[in-house]
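As structure tokens, the structure follows; a few thoughts come after it.
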Amino acid sequence: MEFSFGTKRWVQKELKDKGEEVEVKQETNETDGYALGLHAPGFFDKVLHVQKCFLQSEPADKVLAVVQETWMDPAIGLTPYDVHKHVGFLKHLMIRTGRNISTGTPEVMVNFVTSCYKPDVLMPLVDKITKIPEVVSVINNVNSSVGNSSVGEQEYTLYGKPNITEMLRGLAFQISANSFFQTNTKQADVLYKLIEDSAGLKGDGSEIVLDLFCGTGTIGLTFARRAKHIYGYEVVPEAIEDARKNAKLNGINNATFVQGDLNKINESFGKEFPKPDIIISDPNRPGMHMKLIKWLLEVKAPRIVYVSCNPATCARDLDYLCHGVEEKDLRGFYELKSVIPVDMFPHTPHIECVCLLELR
């Protein structure tokens, strides 16, 4: 969970007009109170103060409670970042929960995103949250830019280890503060099984798998024992570092992970590995860049498994791969064999899709 610090607390006016019934007006009322919570829909500068979050684990909720009890104490002198004036210290609080691979007990990482590096100022918070037994890692990401990104230019470990672990499909994964990892781990197990089934590996160790947007290597590594070799590409350097560590952690020697921006590929892309038999593509919400789609139509892998968290860009990219792009003089070569929706985010409109394409 990623919570934001803010200088403008967002509240709703409540009117009790009909006995015990409460009518909640849609207008918002802004107060000058500091807040730590979630952004109000449609507002980048207004934060709904959150005392308890039902999405995260109980130990993570204990962390949130301790931070809420402490951070506004005037004696500590902490201030939230003001997105209008570009002053203040605290930007985000990120809490990740994993599992100890030996005991199965929860492991919690707490990541404070701040505008500058002042570890002494954070120590009163660090001292309190590290009394929670499940907290094994406290990180400080420093983002000095005016942007509100939770990824910092520098990263410091204030307590414990620089990563936590999680189990998925029988493998152990190390996760650092800025690495992508599926938020809903139980349902991720279901998702990855569907991806593996859709890929249809022979299982005889003869096939080359290309894992695009590989993150910490989760999808590719779950394939590794049934493939000849896995090649993974990802833009985030920390994620590639984690992917390499994860391969080593699980005793997997037939996986190569390369850091690179798949939105900026050139003519040399693809020359450093054999032609893939299966391509897994799991892009973020904007989908795939036209340069990558053009390359996929040139390389003509027998099967592509497209994993998407945005049905709109997924439909666009599938259309390009199946029917081509007339204005770019690109011809489509694939047939869409199946689309399986997976509900990774219950009670929200978001859906994940696993799509199988086969070369015509």
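Glycine is treated like the rest: Cβ placed from N, Cα and C.
Values in this document were obtained by computation on a predicted structure and should not be read as measured data.
According to TrEMBL, the protein carries these features:
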- Cys309: active site, nucleophile (ACT_SITE)
- Gln182, Phe213, Glu234, Asp282: S-adenosyl-L-methionine binding site (BINDING)
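Features as recorded by TrEMBL, highlighted on the structure.
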residue	record	Cβ within 10 Å
Gln182	S-adenosyl-L-methionine binding site	20
Phe213	S-adenosyl-L-methionine binding site	21
Glu234	S-adenosyl-L-methionine binding site	26
Asp282	S-adenosyl-L-methionine binding site	23
Cys309	active site, nucleophile	19
Shell of the S-adenosyl-L-methionine site beyond Gln182, Phe213, Glu234, Asp282, same chain only (C-beta within 8 angstroms of their C-beta centre): Phe180, Asp211, Cys214, Gly215, Thr218, Ile219, Pro283, Asn284, Val307
Largest CA-to-CA spread of S-adenosyl-L-methionine binders Gln182, Phe213, Glu234, Asp282, angstrom: 15
Gln182, Phe213, Glu234, Asp282 filtered to the binding-site residues whose C-alpha is within 10 Å of the residue listed as 'active site, nucleophile': Asp282
